Amino acid sequence: MSGFVFSEKPIQIEEGDGSLLYDDSGTEYLDFGASYACVPLGHGHEAVHDAVTEQFEKLTYVQASYPNASRTALYDLLADTAPGDVDYTWLCNSGTEANEAALKFARAATGNSKIVATMQGFHGRTMGALATTWKSKYKKPYEPLMGDVEFVPYGDSEAMADAIDDETAAVIVEPVQGEGGINPGTREFLQTARVETATSGAALIFDEVQTGMGRTGTLWASEWADVVPDMITAAKGLGNGFPVGATLCREWIADNYGSHASTFSGGPVISAAAGATVSTIVEEEIPTHAREVGDYMIGELEAAVGDQVRDVRGEGLMIGVEVGRGANRALKELAITHNVLALPAGRTVVRFLPPLTVTEEEVDQVVDATAEVVGDE
Ligand SMILES: *Cc1c(COP(=O)(O)O)cnc(C)c1O
């Protein structure tokens, strides 16, 4: 018997602590991918451990139609910390589900079907979210997908404005594209989407599955962009490793969402994990730390390898190094020779999404390793 979707790497990970992972023979690795940005507070964080253990002992699961203090506290916390009047929450289990719900809610609330998405964008792999994802390799084998999606070049304000009309149900956009190569959006581009959707009556969805939870230097990248969207989707870091997604909405969406549900929405244990994660990030001002250490890492990378690579770019601790000869060779050498685990973003970008709690010393180790790997090219 064997799993078949993920190609397994030749390192068997068995333990984790903070920014570190350990394989089955006790070898230590710096986890600078945070396992797809899923552990913003690092592995085995005490506050999350305690909240989950306490809730598990009281009640593991009850359906979401019964109020439960753990879930209610999470709803309140998300409403308090989300920008503006984005006060309503739908809880699910993953990023693609959060986006799938957002697309459905937008269609129901507007009565329109057209979705505007961006080139190089990534929104997940279920049939609806996949239709708004750019890369044809992910889509081709499964077509036909949900129709009525128009793609505009990421960052092109004029094309964005032209694509939005009174038939548009929603614009879905990442404030910083992750999977597509770490492409930071400009405030102007994101604000154009806001103004045009507000004028036409369409919903603006910020996909913050990767940018959320403080990664770009504010709890939500929406704050950095100075935009209050109609919906914000979150997942990856939301439960510090526990599977949870959220679609946050304004009232006009929540009042007209149609008919949607999921068996495992907002279980008490998952809600406790997310509640502890978000409150720790806010109370310990983790986004500010992410901004400072992120700026430091970008500066150090530019100084160390700036001349040898095509580009170093990012926001906060969402950082990409575009290498000349393909990211996979560099990633393999980082892992095998330097015990640094990172991620690809497309074919040419090495992507760093470390826990937001990383230290400058840990950053120094990764910058030195990157310099050696790039120097070998
Ligand atoms: C990872 C990701 C998703 C998909 O999330 P899953 O939990 O893998 O379904 C959607 N949008 C963005 C921006 C992502 O980075």
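Cβ atoms are placed via backbone N, Cα and C, with glycine included.
Keep in mind that TrEMBL annotations are predicted by a computer and have not been checked by a curator.
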Item to check | Binding-site annotation, TrEMBL, pyridoxal 5'-phosphate: partner of Gly95, Thr96, Asp207, Glu208, Val209, Gln210, Thr263 in Phe56, Phe122, Phe151 | outcome: Phe122
Next on the checklist: For a quick check of understanding: among the binding-site residues Thr96, Ser262, Thr263, which residue's Cβ has the most other Cβ atoms within 10 Å?
Outcome noted: Thr96
Checklist entry - Listed pyridoxal 5'-phosphate-binding residues Gly95, Thr96, Phe122, Asp207, Glu208, Val209, Gln210, Thr263 - what's their greatest C-alpha to C-alpha distance in Å? => result 26
Checklist outcome for this item: Lowest 10 Å Cβ neighbour count of the recorded positions Arg125, Lys236 is held by Arg125
Checklist outcome for this item: Sorting the binding-site residues Glu208, Gln210, Ser262, Thr263 by sequence and keeping only those with a Cβ under 6 Å from ligand 1 gives Gln210
